[in-house]
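Pulled from TrEMBL, these are the features on record:
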TRANSMEM  B:60-81  transmembrane segment
TRANSMEM  B:93-113  transmembrane segment
DOMAIN    B:140-321  domain 'ABC transmembrane type-1'
TRANSMEM  B:148-167  transmembrane segment
TRANSMEM  B:179-198  transmembrane segment
TRANSMEM  B:204-225  transmembrane segment
TRANSMEM  B:246-276  transmembrane segment
TRANSMEM  B:296-323  transmembrane segment
Amino acid sequence: MVATAEIIAYPAAGAALDIEQVSHAFDIDGTELPVLSDVSIAVEPGEFVALLGPSGCGKSTLLRLVAGLEKPRAGSLREDESRITHPHPSRVVVFQDPTLFPWRTVWDNVALGLEAQGILKSQRSRVDAALELVGLSAFRNAYPHQLSGGMAQRVALARALVNDPKILILDEPLGKLDSLTRITMQAELVSLWQRKGFTTLLVTHDAEEALVLANRVIVFSERPARVKADIRVDRPHPRHRGDPYLADLRRQILGLLGLDATW
Amino acid sequence: MSTYSLSDGLPSAAPRELALAGWLKESGSGVVASLAWIAFGLSCLLWDDVGDWSRTHSLGIAAFIIAAFALFGTVGADYLGSAGRALRKRAPWLLALGLILTLWEVATAKFAWLPLPFFPPPQAIIEIYTDDLPKLLDSVFASVRLQLGGYVIGAAVGFVTGVSIGWSRVVGYWVHPVLRFIGPLPATAWLPIAFFTFPSSWSASTFLIALATGFPVTVLTWSGVASVSNAYYDVARTLGAKPSFLVLKVAIPAALPHVFVGLFMGLGASFAVLVVAEMIGVKAGLGWYLQWAQGWAAYANMYAALIVMSLLCSGAITLLFAIRDRLLVWQKGTVKW
Ligand SMILES: Nc1ncnc2c1ncn2[C@@H]1O[C@H](COP(=O)(O)OP(=O)(O)O)[C@@H](O)[C@H]1O
Ligand SMILES: [Mg+2]
């Protein structure tokens with residue numbers, strides 16, 4: 001557990017995130033497809049925010065804007081008062097597909113960020129620590145095709161965490177995992193977030209997952225996405241899945257998503 | 001009770017039979033192979049040659065020596081470690097070779113079933129390797145030097161061009177049409193022009209080999225770079241990658257499997273150019289040796305040169321496969337050469 005202590009020794013408190021009146025659209029064959037419509041969300045440092053919405057409404061697009069991979073057509077995004085214009089390792093994304101680089105070993109995949117920033121030589125121990133954190137030290141020399149889906153997603157998580165992000169952006173990272181692995185990784189995610197204090201933005205299609213993990217659940221409308229509801233989840237971690245308070249919120253959220261309330 | 005006696009009887013009889021069968025299976029083909037080589041040796045020595053060849057006797061002796069190696073090598077394979085196992089695995093091939101050589105010997109040198117000057121016997125080819133060795137070696141060196149120079153230049157230029165087209169819109173705009181116009185032309189079509197525009201036939205041939213190599217390498221490198229999934233770039237960019245990192249550490253490694261396909265295609269194309277260039281322009285190398293042998297109706301020399309040439313080409317491909325396997329260990333299920 002020395003390794004875990006070491007990673008904590010780099011304090012990476014979360015950053016505030018301000019999404020202000022953001023609208024975005026794509027051009028498809030000359031016609032404009034509006035995807036985000038006047039979205040404003042203010043996220044406090046260290047908050048865990050879950051984003052829920054119908055499939056194809058624009059959640060991933062919003063995350064790409066937060067990451068700086070694309071620029072919004074209107075509105076602005078700020079990380080701690082500075083405008084987001086480009087990707088930066090203080091905001092790291094974990095995508096639904098682990099997207100590991102198949103020609104790199106697990107260790108080299110995790111080392112990618114530090115290598116790209118030119119600080120790998122002096123900080124190799126951070127890679128070891130991140131691998132330890134997700135429990136994959138034994139697989140450091142394996143290639144991605146030798147890993148199971150859950151392990152690959154863990155590597156992707158380690159690859160993000162090794163950069164000590166101020167904002168961790170998760171785009172349905174557990175979507176493809178089996179339910180057991182999913183529950184384990186949800187618990188790991190919460191404990192990581194509690195220990196390290198980064199701000200978390202999680203897109204999920206699972207209302208229960210959102211409620212078990214987040215402080216705040218934001219529900220989007222159909223495309224173009226607008227904020228439909230902003231719900232606080234006032235329950236300490238670890239949360240109990242059968243908690244009637246959460247069940248009540250869940251019913252409310254599913255209702256907002258247009259699903260029968262008897263679910 | 002009967003079951004008991006049955007199972008009692010088994011252990012004494014069956015293992016011996018099994019052991020014999022096992023021995024036959026493991027060493028049998030080695031024994032037969034050595035018989036085939038003895039037959040080859042005998043076929044050399046039993047009859048008189050229809051022509052005048054000086055190596056018949058030595059070849060017969062060599063065949064007996066190989067037969068002895070085959071026999072002791074396979075029978076005693078257990079004591080020879082990996083060399084023994086390798087020999088045992090190849091024993092069927094050894095057998096086939098022995099049979100073919102025997103047939104060849106009998107059909108040419110002994111009874112001349114095949115018309116003679118065109119189908120020289122094995123000893124005639126051996127004679128070339130022993131008596132014309134200096135000239136043959138000179139030709140080998142000349143060919144290897146020319147091929148290696150042209151191939152390395154072509155592969156390097158093709159790789160850099162391919163990456164640039166795949167990466168830069170401006171380079172693509174200018175180079176793509178040129179590539180489309182010139183690339184499909186067989187490099188040998190340039191031969192006449194190249195030989196009088198270049199200062200030496202050697203530099204002309206190097207250029208043509210490079211051209212033949214460069215085209216497939218360029219196209220495949222380019223398509224490799226172009227087909228890299230955007231998801232990789234997105235991941236790298238959010239982790240702080242600069243453009244140079246995206247090219248060197250994302251685009252190129254991802255494109256490498258394609259690049260190797262281009263390198264293989266280029267190698268095949270460049271062999272063809274090499275031989276033609278040597279036959280027509282360069283007065284050295286195996287292609288020229290072939291041409292020269294044809295002029296003198298020296299058919300044994302031609303076969304000898306062809307065998308060397310095919311060993312060299314095959315060796316070059318094997319080397320390229322070895323390099324690929326080294327660089328692409330991360331791929332699963334690649335073809336073994
Ligand atoms: N690069 C793109 N070009 C054109 N359309 C896009 C692009 N990315 C996403 N879209 C469209 O934008 C809409 C929202 O996509 P996305 O943000 O991925 O939705 P989700 O909420 O499921 O993550 C979809 O209709 C999709 O087709
Ligand atoms: Mg999505």
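Including glycine, each Cβ sits where the backbone N, Cα and C put it.
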Ranked first among B:60-81, B:148-167, B:179-198, B:246-276, B:296-323 for CB pairs under 8 angstroms with the transmembrane segment (B:204-225): B:148-167
Winner by Cβ pairs under 8 Å against the transmembrane segment (B:179-198), considering only B:60-81, B:93-113, B:246-276, B:296-323: B:246-276
Tertiary contacts of the transmembrane segment (B:93-113), as residues 6+ beyond its ends and Cβ separation under 8 Å: 29-30, 32-33, 35-37, 39-40, 43-44, 47-51, 53, 56, 63, 67, 70, 119-124
